[in-house]
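Taken from Swiss-Prot, the feature Fe cation binding site applies to His107, His111, Asp295, supported by sequence analysis. Among the features that Swiss-Prot reports, substrate binding site is placed at Leu129, Val130, Ser131, Gly132, Gly133, Asp162, Gly175, Asn267.
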Amino acid sequence: MILGIESSCDDSSIALMDENSLKLNYFSKISQEIKHAKFGGVVPELAARLHTKALPEMIEKIKPYFSEISAIAVTNEPGLSVSLIGGVSMAKALSISLNKPLIAVNHLVGHIFSVFLDKKEIFPLGVLLVSGGHTLVLDISANGKISVLAKTGDDSFGESFDKVAKMLGLDYPGGALIENLAKNCDGNLNFTIPLLHDKRLEYSFSGLKNQVRMEIEKAGEISQSVQENIAASFQKTAIAHIMDKLSKIYEMKKWQNFAVVGGASANSALRTKLENLANKYGSTLHLAPLKFCSDNAAMIARAGVYKYNKKEFINYKNLDIVPHLNYENFKI
């Protein structure tokens, strides 16, 4: 079995996956959302302390499986440096004590494998990655080379939801709260879709966020109906922005297989728009189970299986954390 360890942000998670059947034999995740909610966002030092407490307790529970572990896969990039250290340190210690090979996994690559948890991976593949930290449109070739076709120049899709939620007086994280409010209203505010007439294939959510701020200031008192209208109008415009650029890229690439991954990929309105786009081109849309859209170790273990079969191991002395995404070395 492949042991997956994930600690790139505020979720501590481990998983055991059979490298032959892809059966998920063990999965555990401890979310820190409640701990960070009162601060309105993730506090790195607090996240690190909680990882230090949670990971050893989680590993203790899988001791009966130690003899069955073939390799240890761990997220080492990108993420909060103080959080990454927790998982990487644990993986190194286990690698030495159990004499098992180490596998370094890019967190975003892990998200890509979240749509292949129980089935063989399919490449070439188009990918929309939407999360709290990234908004990317990717093209993955048959040999696993990743090309970045579009990315955000400021806030990410998921981050913009969190910030708008905060403006509306909602708790952190705000993505699901915005989505739930939006279900009660069609959204009749005419927010401008960012970069609509700009030929550049890139995303920007800061201007839309500013439009929301001005609407809130104009409204004055924020009643339930005003909250719902702003949330629905914002979500509709943010998704329209995603689809505007993605549709242009889809027309050029005409992918047979397309995936949407990342924490924000759980948004049902976004999924519906993507299903319509895939149907238009006769593509197969790959979606992760809602449980595995957000950060988790099952996807890290699954990416680990892929790398294990290719014998992509790394010596513990050479395994370092990389807080920021290295586009030059971004590959499956």
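We number each residue from 1, going along the chain as drawn.
Glycine residues also receive a Cβ, built from the backbone N, Cα and C atoms like all the rest.
Fewest other C-beta atoms within 10 Å: among the binding-site residues Asp162, Asp295, that description fits Asp162. Taking CA atoms as the reference points, Asn267 (substrate binding site) and Asp295 (Fe cation binding site) are 15 Å apart. Within 10 Å of the C-beta of His111 (Fe cation binding site) we count 30 further C-beta atoms, all protein chains included.
The Fe cation site, placed at the center of the C-beta atoms of His107, His111, Asp295, has further neighbours from the same chain whose C-beta lies within 8 angstroms: Glu6, Ser8, Thr75, Leu108, Gly110, Ser114, Ser131, Gly262, Gly263, Asn296, Met299, Ile300. Non-local neighbourhood of Leu129 (substrate binding site): Leu108, His111, Ile112, Thr135, Leu136, Val137, Leu138, Val260, Val261, Gly262, Ser265, each in the same chain, at least six residues away, with C-beta under 8 Å from its C-beta. In the three-state DSSP assignment, the secondary structure recorded for Val130 (substrate binding site) is strand. Sequence-distant neighbours of His107 (Fe cation binding site) (same chain, six or more apart, CB under 8 Å from its CB) are Glu6, Ser8, Thr75, Glu77, Pro78, Gly79, Asp295, Ile300, listed in sequence order.
Around Gly132 (substrate binding site), the C-beta neighbours below 8 angstroms that are at least 6 residues distant in the chain are Cys9, Ser156, Gly158, Glu159, Asp162, Pro173, Gly175, Gly263, Ala264. For the binding-site residues Val130, Ser131, Gly175, Asn267, counting C-beta atoms within 10 A of each C-beta gives the highest total at Val130. Around Gly133 (substrate binding site), the C-beta neighbours below 8 angstroms that are at least 6 residues distant in the chain are Cys9, Pro78, Ser156, Gly158, Glu159.
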